[in-house]
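Colleague: Pulled from TrEMBL, these are the listed features:
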{"type": "BINDING", "residues": "D:Arg48, D:Arg54", "note": "NADP(+) binding site"}
{"type": "BINDING", "residues": "D:Arg125, D:Ser126, D:Ser127, D:Asn241, D:Ala242, D:Gly286, D:Lys301, D:Pro302, D:Thr303, D:Ser304, D:Ser305, D:Arg327", "note": "FMN binding site"}
Number of protein chains: 4
Amino acid sequence: MSLNSFGHLFRVTTWGESHGPALGATVDGCPPGVALDEGMIQHWLDRRRPGQNRFTTQRQEPDAVEILSGMFEGRTTGTPIQLMIRNTDQRSKDYGEIAQAFRPGHADITYWQKYGIRDHRGGGRSSARETAARVAAGGIARAALAMLAPDIRITGYMVQIGPHLIDRERFDWAEIETNPFWCPDARTAEDWAVYLDEMRKSGNSVGAVVEVVAQGVPAGLGAPVYGKLDADLAAAMMSINAVKAVEIGEGMAAAALTGVENADEITLGADGQPVYSTNHAGGILGGISTGQDVVVRFAVKPTSSILTPRRTITRAGEETEIVTKGRHDPCVGIRAVPVGEAMMACVILDHLLLDRGQTGGVRGRIG
Amino acid sequence: MSLNSFGHLFRVTTWGESHGPALGATVDGCPPGVALDEGMIQHWLDRRRPGQNRFTTQRQEPDAVEILSGMFEGRTTGTPIQLMIRNTDQRSKDYGEIAQAFRPGHADITYWQKYGIRDHRGGGRSSARETAARVAAGGIARAALAMLAPDIRITGYMVQIGPHLIDRERFDWAEIETNPFWCPDARTAEDWAVYLDEMRKSGNSVGAVVEVVAQGVPAGLGAPVYGKLDADLAAAMMSINAVKAVEIGEGMAAAALTGVENADEITLGADGQPVYSTNHAGGILGGISTGQDVVVRFAVKPTSSILTPRRTITRAGEETEIVTKGRHDPCVGIRAVPVGEAMMACVILDHLLLDRGQTGGVRGRIG
Amino acid sequence: MSLNSFGHLFRVTTWGESHGPALGATVDGCPPGVALDEGMIQHWLDRRRPGQNRFTTQRQEPDAVEILSGMFEGRTTGTPIQLMIRNTDQRSKDYGEIAQAFRPGHADITYWQKYGIRDHRGGGRSSARETAARVAAGGIARAALAMLAPDIRITGYMVQIGPHLIDRERFDWAEIETNPFWCPDARTAEDWAVYLDEMRKSGNSVGAVVEVVAQGVPAGLGAPVYGKLDADLAAAMMSINAVKAVEIGEGMAAAALTGVENADEITLGADGQPVYSTNHAGGILGGISTGQDVVVRFAVKPTSSILTPRRTITRAGEETEIVTKGRHDPCVGIRAVPVGEAMMACVILDHLLLDRGQTGGVRGRIG
Amino acid sequence: MSLNSFGHLFRVTTWGESHGPALGATVDGCPPGVALDEGMIQHWLDRRRPGQNRFTTQRQEPDAVEILSGMFEGRTTGTPIQLMIRNTDQRSKDYGEIAQAFRPGHADITYWQKYGIRDHRGGGRSSARETAARVAAGGIARAALAMLAPDIRITGYMVQIGPHLIDRERFDWAEIETNPFWCPDARTAEDWAVYLDEMRKSGNSVGAVVEVVAQGVPAGLGAPVYGKLDADLAAAMMSINAVKAVEIGEGMAAAALTGVENADEITLGADGQPVYSTNHAGGILGGISTGQDVVVRFAVKPTSSILTPRRTITRAGEETEIVTKGRHDPCVGIRAVPVGEAMMACVILDHLLLDRGQTGGVRGRIG
């Protein structure tokens, strides 16, 4: 029962602090025979890496991943894969003040209260830097999925920044990679650029909503009733820094629907297999995948590190004000997109393996 | 790794089907010495029990719980507690049609696809009847909390039915127990009664949003980074039947806030301990409790069993229409209130024990 | 992390006390589609049941098992199977004295020290009666193995009682079921009968060694390095009441062998697959099955409940002497035989499922 | 459920292969505030390190450990501690032959059969080199015990090499550190030196028995019935390379004892607390520590890599003979001593934390 681990059979343990010597992920349970190299993991890390445009922190880390174990001649061996990323840009001097004062909205105070000791530099273990390890692990999950279930495609994108939502009518998969926000709606991406520039200039920040879709997931994944696919996804996404809500399919909006509206009616496709009229369920019924797209959304709160002074207290028990200087994203939600994708990849792979163990992966026949 | 279990040290495994001989919960890890009897558990089961008013299913089950182990002379012994509830009202004849056709919105089709066999009677394992076992286990968690942390108070209530939200200005704790909806706003409760009567008469159903608050939770509970208090709550709530979204504190609304708005500023109370100006965080920072109220909300989709015909397919591969007769709630969200409370109680107790194991429960000092 | 559970994917949680209302096992992870009924489980329980001859306790329990969940129309559904055995012969009056005094060799004192409360009646949770639940769960494991790997045959037998070992030259599988000791050597069985009669008459007891063999286990089961097949077997057997040692293959004797002697040389069989000259390894190399017989032995200490007075102390802190009256086996090892078989069946099934989840169950090819 | 992890709350995951870039341990659940540095871990690694005398392999590895996370200003923070040891002496050329032929007694064949791919160099993941990671993790466990339970002292030593046992009459704690065998009996140590020289010269090897004692363990540790202290120790020791048997207290010899002989009678000490006349139980009753010395023994089979030719087969399906050249210990049991100590330290710490989580660590009172 490692509390820094997630997954059942594909089990990822992340370790490391923002300003320690290194961070990484211990990945256990990757099937043998998966073609893998550092470049394949680096690809996903580079997507997440900060400092790529003016909307993410200017911290410059190469984030070069090293595979320390679990590989032989270009393939995984079924033994644990250790991924290490050295921390190179450790400007600890920026973080002097927060050694004493607790930044509002950060885990500074709770880590202190729980542990009585904390690595305050850059947030230590609670830094969003931990998510680099998740993205690296997600790279392995993607490589394994490419072997075991090549039809699965996992894509994350941004659907809301502050009060500004995308227009679903203008949704275009091809747009996602073309703007700094992973926004599937080109016009909204332009609006966000203007909006975030204002935020940044005013020393403020803003929240966001990320959506991650897994296409091509076979029916039958998920382990009722406490390892349900949606329950595992909820935990996975909620464990990401700054996430405050997780939705599956209709999500919160399901509350306002009637049963007639919400029913995803079923007909038969040309192949004699089920076709759903709609996907209110987000691809999951009773915790098990239906074969439709698995759709997850999560809300990321605004960056807590802002240049506007906020009241707080010190460890010594004195009231003070704090301004969090340093290099911070006006919207941390942007960097959460590849993290959400990585979590989805890990959860889907995990359930693919689990389903094989539980049932042999054989399906009940329709027709 | 039981997939029908949840919790780390306080570990609950539920078992049983809607129309099998019995259902129940195996509760492992309850501390020794907790005063407990069947009446204390029955109290919470009675709150959840259907057939109490016209807004919940008319199935009449006494839901009488029997404690089969783990007790001696009125106290828990630290050994597993087995809770059993016999199923007495098993009108299987109502469920003939769904042996063949898959009800839209139900787990009928996914259980079939995954397992190739299913107990179709009343939904079998995927029936909301499983939540009786959760409520029973929650009764044990509450008894243990009463011994270990008597200041903790856990309360669930309804904040939305269909499109109708409560008015927070009229929020009154005392109202919650006085209407059939656990609604803290008397006027809205009246509106809901009218609205639900219409729904029921038109053979339709509607979704809801439940909020559960834990007051008096000490700072320091939660196990970063994958056993975070919020991640565990997200999984716990999402695992409840028909839940499609989970929010902590501001939840989805956090996306539209700025960092300045969202900051819960900290000052010092008369006792020299932290006081927060607001609770956007829902009592959790970095996955660890702050000492504020822990606030969770979840959306329940409308009951999928409706009297309006919906298109579906049969196991034999034929298209058909289905009307789900039988005794169904127009709004299953209502019965989810005590279930959400139970999950909260289990998660909080679990983290209280876990924190003792991890850190000894000692806190970092402020001042 | 239930501490009353074992297994990874086939997960068994036992519950219940010797003199409580009932005891049983919650079995999660049984594959769907396994043909099963109560008679198939009862068969194994009847083998274990006391009161069948003068060498086991005269406690008369029917030990009738009831399946409460997880079945539909004669087959398992993949959902948790709850097994319950009511305790019917609860002569609590026999156990008055041990409420105060701790019986040497029993868990009376340690349960008291750990929990500060204990059900002293008949040993409560620490009674060997708990093993009935294991045997019942083992019955399910056997049924699942019969479907998934019908070539596997699991057999336990006694190889030593007190200082008297069987003669391996006279080993006869057919003898095992024909004497009250599950002894594969008819002549030794006769000696044991005489020896145990003496022990019983003198108010004494004696230890034993049980061997369990699994034949037909495919190569490739076992999860290095901390879920090794032998490590899991060691834990499974050591967790049985009164067991003090576990051996695989040569066991302790391996210490006195040289590398030349201990090598299980490999040649090719007619089918081009490996044939081993010997089986010092007990069918396990590097924690993974070789395809040879899996051979486990465990030592059971003498029954601690004896009629000879022994010095002890009371809970109140006074020295005293105790004679454990009641109905006790002169050699508890005898009843451990079906328990050992059950644990072997559970562990093998668990690793069969686990291997499918990890690797898909595909094997590296030889030739 | 990582299968490369052990422990409940103090959870150790080892990773790495004999000839990969590095190996190490991810240690999760170490309490915060433990004074620790690399030197404290290196101390134990140096004890295990090969190449220190003529009785252990001449492979020269500095085995320098690096702490990559989980520390701040000389103390643990409660977050995962990553330990890495770079592999520097990777003479892969020695291992050409075993790429094709399976060495008898090694995991070569089973890893191949299970995974269909293996890092054959030096045994890859199945190499005893993995135990360096265990020893490093054990160093952390010892540091935590020094803070939480400073009275606990853990000592391993050799009690048998080949057929030669120590004389318990000559047992001297002070001798253990003075000879290359960790032998507590000086005269036997001399005999072993002669005996092992012969073995080495004849290209043969021999088995051994290691005993590990934990003194000062408080009563009450252990989690019945499947997390029993002895069951966890059995799994821990059996998971060490080449171990074939585990004994607690009397171990296998318990089988030949009578109940009268085996009873550890209890009287009261001067402090009013229990004093046991003997320790046949090895400090554990019902899976819970009694407060006596916890005594574990395990048998290590002879080194399988020997210079005497043995028959085997190749991956291509041909019969052949193999002589394992390279640098091998005539008795791998010697290097298992610090490994056994490390496992004991990890298990004891784990149960100390677990007991706090389960019961608060409060004890039932005697007197």
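Glycine is treated like the rest: Cβ placed from N, Cα and C.
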Colleague: Identify, in sequence order, the binding-site residues in D:Arg48, D:Arg125, D:Ala242, D:Lys301, D:Ser305 that approach chain A with a C-beta to C-beta distance under 8 Å; the answer is 'none' if none do.
Modeller: D:Arg125
Colleague: At the level of the C-alpha atoms, what whole-angstrom distance separates D:Thr303 (FMN binding site) and D:Arg48 (NADP(+) binding site)?
Modeller: 16
Colleague: Would you mind listing, in sequence order, the residues at least six apart from D:Lys301 (FMN binding site) in the same chain with a Cβ closer than 8 Å to its Cβ?
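Modeller: D:Lys301 (FMN binding site) has long-range Cβ partners D:Gly105, D:Gly207, D:Ala242, D:Val243, D:Lys244.
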Colleague: State the count of C-beta atoms found within 10 angstroms of the C-beta of D:Arg125 (FMN binding site), not counting that atom itself.
Modeller: 29
Colleague: So what sits near D:Arg48 (NADP(+) binding site) in its own chain, CB-to-CB under 8 Å and at least six residues off in sequence?
Modeller: D:Asp63, D:Thr131, D:Ala132, D:Val135, D:Arg335, D:Pro338, D:Val339
Colleague: Starting from the Cβ of D:Ala242 (FMN binding site), draw a 10 Å sphere and report how many other Cβ atoms land inside it.
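Modeller: Its Cβ has 22 other Cβ atoms within 10 Å.
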Colleague: With Cβ-Cβ distance below 8 Å and at least 6 positions apart along the chain, what are the contacts of D:Ser127 (FMN binding site)? List them in sequence order.
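Modeller: D:Glu17, D:Ser18, D:Asn241 - these are the non-local Cβ neighbours of D:Ser127 (FMN binding site), listed in sequence order.
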Colleague: Name, in order along the sequence, the binding-site residues among D:Arg48, D:Arg125, D:Ser127, D:Lys301, D:Thr303 with a Cβ closer than 8 Å to any chain C Cβ.
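Modeller: Among the binding-site residues D:Arg48, D:Arg125, D:Ser127, D:Lys301, D:Thr303, the ones whose Cβ sits under 8 Å from a Cβ of chain C are D:Arg125, D:Lys301, D:Thr303.
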Colleague: Around D:Thr303 (FMN binding site), how many other C-beta atoms are within 10 angstroms of its C-beta?
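Modeller: Taking every protein chain into account, the count is 25.
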Colleague: When DSSP states are folded down to helix, strand and coil, where does D:Ser127 (FMN binding site) land?
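Modeller: Going by the DSSP assignment, D:Ser127 (FMN binding site) belongs to neither helix nor strand, so it counts as coil.
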